[in-house]
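Features reported for this protein in TrEMBL:
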type	residues	note
COILED	883-910	coiled coil
COMPBIAS	514-526	compositional bias 'Acidic residues'
COMPBIAS	1140-1153	compositional bias 'Polar residues'
DOMAIN	24-508	domain 'Major facilitator superfamily (MFS) profile'
DOMAIN	656-1127	domain 'Major facilitator superfamily (MFS) profile'
REGION	512-538	region 'Disordered'
REGION	1131-1153	region 'Disordered'
TRANSMEM	20-49	transmembrane segment
TRANSMEM	69-88	transmembrane segment
TRANSMEM	100-119	transmembrane segment
TRANSMEM	125-143	transmembrane segment
TRANSMEM	373-394	transmembrane segment
TRANSMEM	484-503	transmembrane segment
TRANSMEM	651-677	transmembrane segment
TRANSMEM	697-720	transmembrane segment
TRANSMEM	795-822	transmembrane segment
TRANSMEM	1005-1024	transmembrane segment
TRANSMEM	1036-1055	transmembrane segment
TRANSMEM	1105-1122	transmembrane segment
């Protein structure tokens, strides 16, 4: 039966329409304003971009974007939107709507501005930059879909909720009109200021240089309205439904909505807790219960949105016919570039004003009168009718006298798309799913729609090409023709009608009634279906003080049915389980229906709260279990360790990040610079007089120079990892930094009588440089994890690792500055002009300075590294010196801490805290964890370091690095440094800091799984159509895919594989196990950097990419061996927080509940 609704939610449902409803519409709708503005303007911008960047001198027509470039510029935003819908939809349910809401708007503002600032030394370079920023613009826009819809639905009253959500979506109409007016004003102003003839009259003069500012201004203007609403978006309180039903904070929900509604609301903490404990309010997205309740609903919302967007975005097929029919746009050759923008903007604005925009607002007016189902069914019906009416007599409509009729039919089709499914598919998913899954399900539905948009905008663009190859648009293959494409679209619309039958009507009902959160289930029927077989003896059962049914492990006659009062607990069903690393004994099992039969209702305060109770899955059936906590108990944590765990973020955390991260700064600096140095070394030491190409290191020498540092790193990880547990973190920590400083300087001072001797000396010092860098991996990770608080520990460890990003940028800037300085001071001709003179003698100093500079930042932190005290966890748990641990941390935390030597002595005598790395006990407790951390790091680094295969293709694709013979030696260093810095800035570095920002929100497991998933997807997307990407016209897409692959490597397993091993192992083995995991990764790096480089020559790059895709997929699989460590203390994760009581460690079971 229906349950009484929370007062705060009922107040929102029955509230009259107030001012806050309209402010919410504007605030929530600004993402859709930007979405429509961008999609509208890009069609104007692409025409102008074609003229600016792709006009060929002497051509009879102005330049246009090649099909692959046009597809990339338009389609990359749709791909970003799809990804953003899934990611932010899920995040909105995990973190809350408000916490995520500002991120999406900031992304839109920044990327709108950045799109207008796109740059490049060639047309392809500019397009690649534009595509990169448009992907992230789409990513932010995508996030606004589920968040805005969910926020508006949860703020609205139930009487006009549909109207408010539809109004948010209808802000797209204002975005379209604003885009049109901005384009008209800007193009008109420029046309007036900079007069130019038509292309037919003077091709070169028809494109004034100032036209390059027009498209930039138009794109950037979309950021202004979004930026203006950021303050108000941040000021909005979290929705009451999320706060009460998901975060379970009734007090905050009531306080927030009291301010919004201007009335006093009752706090119903007990009711919220009872609601949260209902089985119907706990199932997840992938549960059978969700499939049973909402599976068909989700199928309905995803399929209808998918089918709708195929038809809706296919309008690109007909616009050129419409505009020529009504004579609004003359042939391009008869206009100059600026005038063309003005004419197209005017035409598209008028079409939108006549069909698209009215449809939105018809829906807003009628959705709460006619209902969602009726409007969606009506819209699909008329779209089907008009599509067939255009398609069947298509040859009739192509005749000039009948084209006005074609325009009318076209306008009506898209009027009923907007006064129909285009609005309702957005509204319904925000209403019919539970609050804890609402944003996720809306994001899934929207992403399905965006997948349809990609098919509609590009698949049908190719499909609709003429069957005669001579009549296709330039650059397109033959298709099935427009007529058959229209018939297929008509069938798609008909299927939309059919799938609409799966979507429920939500008009006039509360969100909780629609989602089922407002109803008590028939407990007997539903729980019996999933219950375990009843044991012969009935267990002790009763209600706790909150009225919840529980088992108890002692007799309390006042609360039990009299016939149960003297019955002992059954013995036949005793089993042992582990819950959060603690062991318990199950002494009874029973089904939920039996509990109801044998219990009395609650009687107020019934004394002590019962012992721990859990429900879990036993023999694949749900049961309730009485658990006996006397078997093993949690130990009270040491005060000094608890103080570290609960400490607020303080200055010492940030100093620890800088001090610990300097090894990774040097690591990245060295790896980045060596690729520049090897190019220069080849010119200096291996040039053959008379050769027509500059000198290059022989393959074996190149492999040695690059690979010897990897070998040193692997050795250092194993050695210093073990030493850090033997001698302490601090004692060893200074040695690694000193090795890095000395060997960085020594590398720059490498000498020899001949080239081979110089390279041998360089390799010697690079091995020991790598040895020191390797030692910093386990030591820095362990130190940071043992210093951090448990709330933000992941972000701090990831930030240490992310210092690599600063190392890359520093390396790039140093190389650019040094090479530019030497180039200006010692000018030299290109190699093809003067082979010998292209490498000046002073170039030998350039590579030495670049290599040695990496020692300076490391040396500056040596004093502070030595001043750091030993970590409290090593001092207390490994060295067993409680007094020193308390003294050291009292200075760091600036608090008084008690010395607990007796407690440490007790802990050290427990059998569970003395097993070694090669013991059976370690294998039982941590064997799978170590297998998970080593295999995932190994597989990740194979893929990550294999990027060497593709860099030459990327740099040549975007035109940043010309052929070596066209440059002198120092110019080559400069060009490569600039290109690699920009690539890192666009893909590698952002990935690091996305991880830092979100790792303690999303969790290690989710980020690692997501990263491997997207790396797999993008690797296969590069591999399967590899021959397509090798064509010069398609390399921009290759650059984008490549960048995204390594973005998700860094916002994924490249960071998490470093973080997790520093958290999940015991303190006495933590550094060792991290070193083993890291060494496994470095072995993968050697395989990726060199094994796959040779494999690509023998089996080909395409097959190599497929193998790498399979490797990433295996990384996903092995991720399931790695536990989640978010928000837990290190002792809880590692099992050091357990204390035996009457049972040996050997009796433990490793299953989890």
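Placement of Cβ uses the backbone N, Cα and C atoms for every residue, glycine included.
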Remark   = Other same-chain positions with a Cβ less than 8 Å from the transmembrane segment (1105-1122) and lying at least 6 residues past its termini are 928-929, 931-933, 935-936, 939-940, 942-943, 946, 1004-1005, 1008-1009, 1012-1013, 1015-1016, 1019-1020, 1022-1024, 1026, 1053, 1060, 1064, 1092, 1095
Ask   = Honestly, do the transmembrane segment (651-677) and the transmembrane segment (484-503) touch, with at least three Cβ pairs under 8 Å and pairs 6 or more apart in sequence?
value = no
Inquiry  = Averaged over the domain 'Major facilitator superfamily (MFS) profile' (24-508), what pLDDT does the predicted model reach?
reply    = 87
Request  = Using a Cβ-Cβ cut-off of under 8 Å, list the residues of the same chain that are 6+ residues beyond the ends of the transmembrane segment (69-88) and lie near it.
outcome  = 35, 38-39, 42-43, 46, 49-50, 54, 100, 103-104, 124, 127, 130-131, 134-147, 439, 443-444, 446-447, 450-451, 453-454, 457-458, 1033, 1036-1037, 1040
Ask   = Short question: which residues 6 or more past the ends of the transmembrane segment (125-143) have a Cβ under 8 Å from it?
value = 31, 34-35, 38, 42, 49, 53, 65, 69, 72-73, 76-89, 91, 100, 103-108, 111-112, 114-115, 118-119, 443, 446-447, 450, 957-960, 986, 1036, 1039-1040, 1043-1044
Query = Which stretch, 373-394, 484-503, 1036-1055, tops the Cβ pairs under 8 Å count with the transmembrane segment (1005-1024)?
reply = 1036-1055
Long-range Cβ neighbours of the transmembrane segment (1036-1055) (under 8 Å; 6 or more residues past either end) = 68-69, 72, 76, 124, 127-128, 131-132, 135, 798, 801-802, 936-937, 940, 943-944, 947, 950, 953-954, 957-958, 983, 986-992, 994-996, 999, 1007-1008, 1010-1012, 1014-1015, 1018-1019, 1021-1022, 1029, 1115, 1119
Inquiry  = Can you tell me which parts of the same chain pack against the transmembrane segment (373-394), counting only residues 6+ beyond its ends and a CB-CB cutoff under 8 A?
reply    = 304, 308, 311, 363, 366-367, 406, 409-410, 412-413, 416-417, 419-425, 428, 482-483, 486-487, 489-490, 493-494, 496-497, 500, 503-505
